[in-house]
Amino acid sequence: MEDELEPSLRPRTQIQGRILLLTICAAGIGGTFQFGYNLSIINAPTSHIQEFTNETWQARTGEPLPDHLVLLMWSLIVSLYPLGGLFGALLAGPLAITLGRKKSLLVNNIFVVSAAILFGFSRKAGSFEMIMLGRLLVGVNAGVSMNIQPMYLGESAPKELRGAVAMSSGIFTALGIVMGQVVGLRELLGGPQAWPLLLASCLVPGALQLASLPLLPESPRYLLIDCGDTEACLAALRRLRGSGDLAGELEELEEERAACQGCRARRPWELFQHRALRRQVTSLVVLGSAMELCGNDSVYAYASSVFRKAGVPEAKIQYAIIGTGSCELLTAVVSCVVIERVGRRVLLIGGYSLMTCWGSIFTVALCLQSSFPWTLYLAMACIFAFILSFGIGPAGVTGILATELFDQMARPAACMVCGALMWIMLFLVGLGFPFIMEALSHFLYVPFLGVCVCGAIYTGLFLPETKGKTFQEISEELHRLSFPRRAQGPTWRSLEVIQSTEL
């Protein structure tokens, strides 16, 4: 009988798996894809936007801008993106609680539409201020989506696939970087006349998300624990899992709801005051900082000069840089496939250890380039190896820590802290790297290597493995680690439904 039923159930299972895949794609294309895309497309039109800024100023005042002021204006255009990301990260928590995960991602596209309009008409209006405001708005969009997308996908996926599904955020980030590099080629939209369209092209992924995400279910966890809507939770689970036995997963959700009973959503500063959350917050801060301070973004910044010194023709450097983005995309896909087999700790420790190795060889190669010209080719290889190592571990695993280490009441606040920390670090690295490069010369990667070593050691000593565990099991294990002398776990309250949407 089971053999007869199996063929009839298989199409239904495939349909439900397709719905989960569509949910991942719809959330990602307008989520972390936008972050990577807007991060990379700004590199191609650098000289064109600087010329436009100078011409606009001269048309207004009759005098050209001095070179240092042109550079200052360009620095403002670039740095307003992480500043907007910081605002978006602080906005993500309240949005996720009041509107829900899915609606927050949809509402977030208001910023993209507004920014695309500003970018598209900036040259006709003769206003570089419109570019600045547009960069701020796409930064807000990226800050919101980078926090809510992993939360939405992590809460919607079954525990057996939670790590792989959450890691898809890293895949879409890398895909956005590569697509931005490709679209920004001189042969496409990177030319002197097409740069307003290049900046405004962020509207396309936003429109795709607006067309697809409304057709897909909300996070079942949010519907049950935050809204107390059991029927809506069951409907969402059936769409995501099929009509099979949902009793086990529903029981897990009921246990987590009971654990959160009588609690309100935590505020960000309360995470630092609560002793039971000390290990989680420390892990979030240490590993979140390590991801941004490990030097991967600086590799992208230094790649052009290394390729140029190695003899790569100027016209071909843009294609070599696309290769660096493709490396991160490749390893993000590999990491997504293997994370549920090898676990989070192995990927983090292995990634940081390999980055330490390749960064050390890169430093030696730069020091010996005057004596041995072939070491420049070794430095080129180390750039690709460093990015591959970053993609296999820290790039994706770090982003799911806030989702897995915190319960439903603390998760939005944890995502706010993680997002704010990431954008602040990104801003500081972008601001300080030119000075580090000038001061340390060939040894510029020594501080980053120290960060990689610390990241690997901390992961090995303090980060628990979460592979294959429910959120409730992770919470209980972290409670035992925080209070090792207590034999019993926390005492759960009754199963009454209490709304917990207050921030």
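Every residue gets a Cβ built from N, Cα and C, even glycine.
Mean predicted confidence for the domain 'Major facilitator superfamily (MFS) profile' (24-467): the pLDDT average there is 84. Annotated domain 'Major facilitator superfamily (MFS) profile' per TrEMBL: 24-467, in sequence order.
Feature annotation from TrEMBL assigns transmembrane segment to 19-37 (among others).
Long-range contacts of the transmembrane segment (71-93) within the same chain: residues 35, 38-39, 42, 46, 49-50, 53, 65, 104, 108, 111, 128, 131-132, 135-148, 268, 412-413, 415-416, 418-420, 422-424, 426-427, 430-431, 503, each at least 6 residues beyond the stretch ends and with a Cβ under 8 Å from a Cβ of the stretch. Positions annotated as transmembrane segment by TrEMBL: 71-93 (among others).
If you look up TrEMBL, you'll see 105-122 (among others) marked as transmembrane segment.
The feature transmembrane segment is assigned by TrEMBL to 128-149 (among others). Sequence-distant neighbours of the transmembrane segment (128-149) (same chain, 6+ residues past either end, Cβ-Cβ under 8 Å): 27-28, 30-32, 34-35, 38-39, 42, 49, 52-53, 56-57, 73, 76-78, 80-93, 95-96, 101, 104-105, 108-109, 111-112, 114-116, 118-119, 121-122, 169, 199, 202, 206, 399, 402, 415-416, 418-419, 422-423.
Note on the transmembrane segment (161-183): residues 20, 24, 28-29, 31-41, 43-44, 146, 149-150, 153-154, 189-190, 198, 201, 205, 318, 321-322, 325-326, 328-329, 332-333, 335-337, 339-340, 344, 391, 395-397, 399-400, 403-404, 466-467 of its chain, located 6 or more positions outside it, place their CB under 8 angstroms from a CB of the stretch. Annotated transmembrane segment per TrEMBL: 161-183 (among others), in sequence order.
Marked as transmembrane segment by TrEMBL: 317-339 (among others).
Among the features that TrEMBL reports, transmembrane segment is placed at 346-368 (among others).
Taken from TrEMBL, the feature transmembrane segment covers 374-401 (among others). Sequence-distant contacts of the transmembrane segment (374-401) (same chain, six or more residues past either end, CB-CB distance under 8 Å): 146, 150, 154, 162-163, 166-167, 169-171, 173-174, 283-284, 287-288, 290-291, 294-296, 299, 302-303, 306-307, 309-311, 323-324, 327-332, 334-336, 339, 344, 347-352, 354-355, 357-359, 361-362, 364-366, 368, 418, 455.
Remote same-chain residues near the transmembrane segment (413-437) are listed as 78-79, 82-83, 85-86, 88-90, 92-93, 96, 139, 143, 146-148, 150-151, 265-268, 270-271, 280-281, 284-285, 288-289, 291-293, 297-298, 301-302, 401-403, 405-406, 444, 447 (criterion: CB distance under 8 Å, separation of at least six residues from the stretch ends). TrEMBL lists 413-437 (among others) with the feature transmembrane segment.
What TrEMBL records for 443-463 (among others) is transmembrane segment.
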Chain residues in Cβ proximity to the transmembrane segment (105-122) (below 8 Å; excluding those fewer than six residues from its ends, i.e. six or more beyond): 27, 30-31, 34, 88, 95, 99, 128, 130-131, 133-135, 137-138, 140-141, 144-145, 148-149, 152, 196-197, 199-203, 205-206, 209-210, 213-214
